[in-house]
Amino acid sequence: MSSPMLAAAVVVAGMALGVALMVGLDRFVPHEHEKSGRRGPEAKRFNRVWLFVLAITLHNLPEGMAIGVSFATGDMKIGLPLTTAIAIQDIPEGLAVALALRVTGISAVRAALIAAASGLMEPLGAIIGLGITNSFALGFPVAMGLAAGAMIFVVSHALMP
């Protein structure tokens with residue numbers, strides 16, 4: 001990319017794609033918001049615990065993508081700290097999933113297996129992120145923009161009042 005304007009346009013396009021992806025997930029995947037309640041298709045049919053498990057599982061995919069993108073440069077100074085930070089926060093997250101499932105009466109073994117399965121979305125996301133960034137020249141800036149767009153959506157939609 002020789003032109004700074006073209007480079008900026010590629011990142012902005014990636015950001016738009018990230019926002020669009022999150023809007024699609026927000027509309028078509030059952031989930032729950034603190035103020036507006038359950039959303040998405042047939043959200044009333046899911047109990048809160050399974051909505052929580054689904055939310056954690058889905059949120060693990062972009063975390064994994066971020067890990068994959070961070071290793072795409074080949075620089076361990078970027079990928080390793082991010083992977084370590086995400087792995088550290090994944091431990092209480094997995095425990096929360098397993099404990100929430102235990103409250104519903106699911107056996108400890110089954111709850112642990114479901115929690116582990118929800119965490120397996122991260123390696124899948126890492127493979128996707130690495131694949132996107134390495135498969136074509138614009139992959140890295142588009143993937144970075146996509147991650148930024150997804151985070152902008154989450155912050156503006158879920159965290160800001």
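Note: Cβ is positioned from N, Cα and C throughout, glycine not excepted.
Because TrEMBL annotations are produced automatically, they should be read as predictions rather than curated entries.
If one looks beyond the transmembrane segment (6-29) by at least 6 residues along the same chain, the residues whose Cβ comes under 8 Å of a Cβ in the stretch are 39-41, 54, 58, 138, 141-154, 157. The transmembrane segment annotation in TrEMBL covers 6-29 (among others).
For 49-72 (among others), the entry in TrEMBL reads transmembrane segment.
Residues annotated as transmembrane segment in TrEMBL: 113-132 (among others).
The transmembrane segment feature in TrEMBL is assigned to 138-160 (among others). Cβ atoms under 8 Å from those of the transmembrane segment (138-160) belong to residues 1, 7, 10-23, 26, 33, 62, 65-66, 69, 72-73, 129, 132 of the same chain, restricted to positions at least 6 beyond its ends.
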Discussion item. With Cβ-Cβ distances below 8 Å as the criterion, list the same-chain residues six or more beyond the ends of the transmembrane segment (49-72) that contact it, or say none.
Written reply: 25, 29-32, 38, 43, 78-79, 82-83, 86, 90, 93, 96-97, 100-101, 103-104, 114, 117-119, 121-134, 139-140, 143-144, 146-147, 150
